[in-house]
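Please read the structure below before turning to the comments.
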Amino acid sequence: MRSLTLVLLILISIQAALIMGGHTQAQASANQHAATQNSPRLYSQSKEDLHYDELIPTVDPKLFNKRRYRSPRVVFSDVITAEKEMGTPRRPRIRRKANDFLHRGEYSVCDSEEHWVGNLTHATDLGGNEVMVLPHFRINNVVKKQLFYETTCRVKKPIGAPKPGQGASGVKAGTSSCRGIDSKHWNSYCTNTHTYVRALTSYKNQIAWRFIRINAACVCVLSRNSWRHGLKY
């Protein structure tokens, strides 16, 4: 009786060992197959990252040693963050007065919006040349990003289906009329105005500081209606 029990225990242990060995082998083959499938993707991804790193230009650190005028609308960061998380540049605080309630109900002639631009690649300098802006550059083996703080006219979203030529973004800057303007006697539209800021650019394979033009405000442009049109009213 004891011998029969021992034989059964030996057979059960052998069967369990075979099952575990087969499961381990199947798992190893599955892992190897998955690694074989993922290896081309990882290789292609690493190859793309390597190619992207090669395209980032290297900047001489001496360019940042000179103390020159720097615009608050230009920021250099070695932490690549989203433009929405950057916030707005610091502005002087305005102390409120007791008669501030008298100014309630005032509206801007044109609505504007402010945002950070981190993918600016081309711009116009003071000489009218089309220069290449460096959105990324390497300095002291550290990759930094160049960000610009722009103010543009707010784009109105169309009600219903967009008109041909407008797309999903709505009315373009320069096509919306100004607020509070008498349309019987005046033609008006909101448009972007520009300012020049000092940025790191490349022109004719030479990296240097140059003043480039970016959007800085949204203003109203007026033009008087024709004399005949005015006589009708």
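Just so it is clear, glycine is given a Cβ too, placed from its N, Cα and C backbone atoms.
What Swiss-Prot lists as signal peptide is 1-19. Sequence annotations record features per position, and here Swiss-Prot assigns disulfide bond to CYS110-CYS190, CYS153-CYS218, CYS178-CYS220.
Sequence features annotated in Swiss-Prot and their locations in the structure.
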residue	record	DSSP class
CYS110	disulfide bond	coil
CYS153	disulfide bond	strand
CYS178	disulfide bond	coil
CYS190	disulfide bond	strand
CYS218	disulfide bond	strand
Disulfide-bonded residues compared (CYS218, CYS220) - highest count of Cβ atoms within 10 Å: CYS218
For CYS110 (disulfide bond), the number of other Cβ atoms found within 10 Å of its own Cβ: 22
Cβ neighbours within the same chain of CYS178 (disulfide bond) - under 8 Å, at least six residues apart: VAL109, CYS110, SER188, TYR189, CYS190, CYS220, LEU222
Around the Cβ of CYS153 (disulfide bond), the count of other Cβ atoms that are within 10 Å: 25
For CYS190 (disulfide bond), the number of other Cβ atoms found within 10 Å of its own Cβ: 25
